[in-house]
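The domain 'HMA' annotation in TrEMBL covers 76-142, 193-259, 309-375, 385-451. If you look up TrEMBL, you'll see 138-185 marked as region 'Disordered'. What TrEMBL lists as compositional bias 'Low complexity' is 148-163, 174-185. Taken from TrEMBL, the feature compositional bias 'Pro residues' covers 164-173. As annotated by TrEMBL, transmembrane segment applies to 475-494, 525-547, 568-590.
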Amino acid sequence: MGVVLDSQEATVLYLPYLITIDDIIAQIAKAGFKATPKSKPRPLQLSMERLLSAALLPPEPVESSPEDSEASTDSALTTLRVTGMHCRSCVVNIQENISKLAGVTSIEVLLERERASIHYDPGRVTVSGLQQAIEALPPGTFKTQPWSSTSGGLSPISTSTTPIPSPSPPPPLSQSQAGLSSPQPCYSQPLSATALIHIEGMTCGSCVQSIEGMLSQRKGVRSAKVSLANHRGTFEYDPLLTQPEELREAIEDMGFNAFLPETNSLVTVPVISPPSSPSLSPAPVKELDCDPERGGGQGVKRTPNTLNAKCFIQIGGMTCASCVANIERNLNNEHGIYSVLVALMASKAEVRYNPEVMDPLKIAEYVRELGFTASVMENYEGSDGSLELVVRGMTCASCVHKIESSLMKEKGIVYASVALATNKAHIKYDPEVTGPRDVIKLIKNLGFAASLVKRDRTGSHLDHSSEITQWRKSFLVSLFFCVPVMGMMTYMIIVDHQISTSHRHNATAPDPEHYHSTMFLERQLLPGLSIMNLISFLFCVPVQFIGGRYFYTQAYKALKHRTANMDVLIVLATSIAFTYSVVILMVAMIERAKVNPITFFDTPPMLFVFISLGRWLEQIAKSKTSEALSKLMSLQASEATVVTLNTDMSVLSEDQVDVELVQRGDVVRVVPGERWRVIAQHG
């Protein structure tokens, strides 16, 4: 039973043959609360009265030819108590190995009851031989004994060792007959049904084991098999004790999203006539195909993967976990949405949906209707994980090919590249299918050693010391050559002002030119080339190509990508001033001009000095901020405690792994006061 305080709703799983909805409401009323049914379960597809009436009818005789009776083989059923089983892996181990023995027709092992039911040929194998075979299986902890010695009461089927003739080919039945629309004899074995449930939200093998373990313990469930790759589960159950809808709700109570396709159908198992009957003939059986991938049935014929798409929504306005729960709850109620995962800190939502009935824009609109801002994140690659490993033990290109080909065959691996020279592997994977630990384990199984590339956790990448040094050098070089140029320019301005002031009243037009030509800096070394222009040129060249080389580098990169930034503007201004001055000076020298041309060799040094000073101060300010971030990063956790949970949520084991190896779906133990940096869905 699950109760949600926010929505004032309660979900109750119950057995309709033991208690009714009115009884449940009465019990809640006794506790002092008022309850009304919001939804009722669907009625069972089978009627108890119909089954009882069917059991009273005599079995229909099945004609068999003498050749069929002669070809029949003897078969017996034995039930053993098997101790030492711990998980589904033990069940699979016993079933797969014992079913391969000569004389064994079928075997069914129940983990929760510690029971194994084996159909075998007494002429080819004995019960003691079966016991020895089970006890010899690894890891050698299985112990067996006859069920009769450990159980007080036995059903007719568990003690039957009467030879059973092999069934003759059954005549084809209609779908209504297979669905038990007409009575069928049933005495010692109940009817069975198979439910196919699509499950979303599984991320690893632990999720599969959790669902299988929990569902297999439910009353009425005979077997549970879940496929992580196909996102579906196949459950064999007794329709008198449970229904597919109850199984689906049980899966959703575990935190997964589950829905029933239209192909679930009732399947009967071979029934056995009463032991007193002189002719033991199995009733004809027709098994309805409910696998949509094989095209059987009349339901949906596409696999869930073809109807499953994923998008990422940027959400603004979330302030707490209540906002997250509100978005997830409302989106999950929309038709066509399979699962929703909202990250509060990242302000993003990962949504899996059916593209035939839903699209990302509509999902974003639903979020906006809840009072939040939402936009679709186009071409978002956040779903792919990236892993960089150091691989040891490679000797040639064959090793590289072996690793790459093996990784690409694995489900969930999107990209794999291995470099023999650097012993590094770059891998991209789908975190919903596999994880970094699975990738490392796969490489180790190939005979190579693999480990994560050691990353700097001290935040050294936030260090701006190299940038500070770079711009300090640029500023000092520009300043060293700019000071003389600015000094000469200042000197010429002062002298020109004095001359113009002293001869302002009695000077003629040619006089200022005469006074300028008699000044030391204005004297011409060559026709058209003065001392001042020569010195300015010599001081401007180092500033232009040494002090400003960083500006040229950044401007080139920007223009290469067809963009323009501040560096392009600075380089454009200084280059034009320098080029114009050089060209006008060369023209004056060629023309042997008597008057010195006006140049702008002072512009590049002045621009580079002030801009490099600004860049230097900017990097110093960034360094102060990065220093604080570096101290925060040094406090982050380097290892995580990943726990493995049992079906009853008890801790089976704990492993200390690198924080980079924590994958989606892991359960992590965080003790009070421990540092942790992963954003989790549930605290």
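Along the chain as shown, residues are numbered 1 onward.
Even glycines carry a Cβ here, placed using N, Cα and C.
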Sequence-remote contacts (6 or more beyond its ends) of the transmembrane segment (475-494), Cβ cut-off under 8 Å?
519, 521, 532, 535-536, 539-540, 542-543, 546-548, 601-602, 605-606, 608-609, 612-613, 615-616
Ranking 76-142, 193-259, 385-451 by the number of C-beta pairs under 8 Å to the domain 'HMA' (309-375), which range is first?
193-259
Close approaches to the transmembrane segment (525-547) from elsewhere in its chain (Cβ under 8 angstroms; 6 or more beyond its ends):
474-475, 477-478, 481-482, 484-485, 488, 492, 574-575, 578, 581-582, 585, 587-594, 596-597, 599, 601-602, 604-605, 608, 612
Please list, for the domain 'HMA' (309-375), how many residues fall into helix, strand and coil according to DSSP.
22 helix, 24 strand, 21 coil
Give me the mean pLDDT over the domain 'HMA' (385-451), rounded to a whole number.
86
Composition by DSSP (helix, strand, coil) of residues within the domain 'HMA' (76-142):
20 helix, 21 strand, 26 coil
